[in-house]
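Visitor: One structure follows; several queries about it will come next.
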2 protein chains.
Amino acid sequence: MTPVSGSEHQQTPVSGSEHQQTPASGSAQVPGRTGVTAATGFAAAGVTAGLKPSGNPDLAVVANLGPEQHAAAVFTTNRVEAAPVTWSRGVVADGVVSAVVLNSGGANACTGPRGLTDATTMAASTADALGVEAGDVVVCSTGLIGTYLPMERVTAGIAACVPALSTDGGAAAARAIMTTDTRPKEASRVVEGPSGSWTVGGMAKGAGMLAPGLATMLVVLTTDARATPDVLRGALAEACRLTFDRADSDGCMSTNDTVLLMASGASGVEVDAAELVPGLTAVCAELAAGLIDDAEGAAHTIAVTVRSAASEDEAVEVARAVARSNLFKCAVFGRDPNWGRVLAAVGTTTAAFEPSALDVAFNGVQVCRSGAIGEDRSLVDLSGRDVVVEINLHAGPAQATVWTNDLTHDYVTENSEYST
Amino acid sequence: MTPVSGSEHQQTPVSGSEHQQTPASGSAQVPGRTGVTAATGFAAAGVTAGLKPSGNPDLAVVANLGPEQHAAAVFTTNRVEAAPVTWSRGVVADGVVSAVVLNSGGANACTGPRGLTDATTMAASTADALGVEAGDVVVCSTGLIGTYLPMERVTAGIAACVPALSTDGGAAAARAIMTTDTRPKEASRVVEGPSGSWTVGGMAKGAGMLAPGLATMLVVLTTDARATPDVLRGALAEACRLTFDRADSDGCMSTNDTVLLMASGASGVEVDAAELVPGLTAVCAELAAGLIDDAEGAAHTIAVTVRSAASEDEAVEVARAVARSNLFKCAVFGRDPNWGRVLAAVGTTTAAFEPSALDVAFNGVQVCRSGAIGEDRSLVDLSGRDVVVEINLHAGPAQATVWTNDLTHDYVTENSEYST
């Protein structure tokens, strides 16, 4: 069970008939060109700048080779935003982005004026090496909050990275942005539209969501479709709403979350938002699924689906309340289909429902019927990775799914030892 | 550090000059009369009805012997409320309560019509044994959600408990309502007022809060002051607002939380709300501190104090956001003064503040100054049980403290194995 697979596949806007219009990746792709370099008009690279104690790659650049350099982005809504977010908001405001430079090994968050200077320096160094404007370079950082970046290493890393840019460098870039991720996340789709074929791809790091997010989530999406900045903004907002915004690993919101979409226009195929959304959403859904499946310390991937809600917003509210209940998340870790904790979480919401009408199923077994005891809980098997919790509010026609993780000993370990 | 002790003592409405008007317990008390039987006019008992697998005491009754039987209560705001809550709301509506019957070993929550019948039967059995009206008997249950109570054992337990009622039975009652508590919680104060001396006492179980609450919190408060139901309602709301409502162990809200206040009038001293609040709040604060200090699986008691907020509500909003951040709570478990996670939580709120003005101190060491790196974090010692996190918003005159716990391996263990 992931946000785009299995039985849930039929229930999300990224699936079903719309999905059929978005052929799976592979058929028209060039071998080796994956993730952010699946689409034409992009080059990427990842290098080791020495920012991580592990010595793993930690700096990446993705450049838009054109002919167009349109872009849109979504940033964290955390009011305590990191310096690179502050910088990058300004960069994308005019809808033109030439490149993005990303580092792991340090978030450059809560670093005051010096942090903003450092983010600016990262953009300027990248721009110099590429021969573009600093004001067209987005900066993304991830890692510990409250420490300064070692700027000599960062600028040396940029100087090494830009010459390494390659149209099949997507995989290297995806690896360089990992922090506690155990594997890089890439996805792409080739879309056969009425006016021709185009590609959308992307990479992601960090298990989390836009608002809120666990570890920082950084996502870079690329397409060779031709699209105006307004089209990109609208399509990105819709794709995020249905994917990253519904993946909620631990309810915490990062200071650095960024989702950047760049369009090169290299396919020559112009698209509007309606054409762009399905393929873009499919890529975002695959990346979001990868984040939840690889979330820090998680033992289960949990889909909380709320059915028969009065509105989609209320379905999301209820699903999110359950997804954020520590008691519920501990129960799933313990393979306990504790529907009482589900109902206790549902009861904290303002959604329309009658408590005596609520139904809850764990992996298809309806353990709660009409707000009371249903089928025998011993029939539920939670030994696998994937858990589907279905809640029926009997209050209307809407539904939504939020993806989350269980609360485990490994989560506590990873997050109590992370910075010490 | 607890809600009523240490340096924080100076910062809460339960302390300082008001507290001076509320002499500590002991001086005028009868030895052995503790908790709910510290005040005159009350009898209590606790027995083993066989509801818990452990064989520990699990059923208690507290009776108001009069001459008055006025009462007020605060219940969970969870819309999925347990049957005893539904029953008890009706009982207290007229401001008259003769007794309360409480059981551990089963919450009688999410049990449908049968559950409401069972709660009613508990009240009727208790009323019959006491010779009072069933409609004047409050019922409280705690334990697993989603299982029926073994009513034969419950009614037999009531039949055994009522004859055991004693004016020094407070300690037995406090022991019988424990679930995962490691120790009973009792408190009392003798108040020397202008018209004479009166006493307020109480007992509590479960580490949590009213809204929301961790494990179910049940609190029974008694006083021999004379007070109208309206006075009791107003004073109880104020005392809860400053104590139980600011103890937030894990952000989860129970289906059964109940705080009941009964007044016997046996002292003959009539009080108004202004006279009642300080002593009542002191007792509630001591009980709340006991709950947080004994919360499931916790290794640290954390006071999150927000200073210089624009309003008290905003101070509480910010403190609560920090208190509910799993990343922050894991960091404290790891003895890591991770102020970046504090700022990330503060940034999710709507309170007035400038990110670049935020200060954060851990146990007196100001590790974050003006939103950026402050004193050396290695100066912070988090090896003790008590942690004080102070956040200065530099936005106004108000402040508030929320008490919480860290997120530990033991929390995960207790809450993943609780019902299996």
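Even glycines carry a Cβ here, placed using N, Cα and C.
Not my notes, these are from TrEMBL:
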type	residues	note
REGION	A:1-33	region 'Disordered'
COMPBIAS	A:1-28	compositional bias 'Polar residues'
BINDING	A:T179, A:K205, A:T216, A:E296, A:N415, A:T420	substrate binding site
ACT_SITE	A:T216	active site, nucleophile
Visitor: Determine the minimum-neighbour residue: among A:T179, A:E296, A:N415, listed as binding-site residues, which Cβ has the fewest other Cβ atoms within 10 angstroms?
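Guide: If we count Cβ atoms within 10 Å for the binding-site residues A:T179, A:E296, A:N415, the smallest count is at A:T179.
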Visitor: Which of A:T179, A:K205, A:T216, A:E296, A:N415 (binding-site residues) reach within a Cβ distance of under 8 Å of chain B?
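Guide: Among the binding-site residues A:T179, A:K205, A:T216, A:E296, A:N415, the ones whose Cβ sits under 8 Å from a Cβ of chain B are A:N415.
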Visitor: CB neighbours of A:K205 (substrate binding site) within 10 A?
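Guide: Other Cβ atoms found within 10 Å: 30.
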Visitor: How many neighbouring Cβ atoms, not counting its own, are there within 10 Å of the Cβ of A:T216 (substrate binding site)?
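Guide: Excluding its own Cβ, A:T216 (substrate binding site) sees 29 Cβ atoms within 10 Å.
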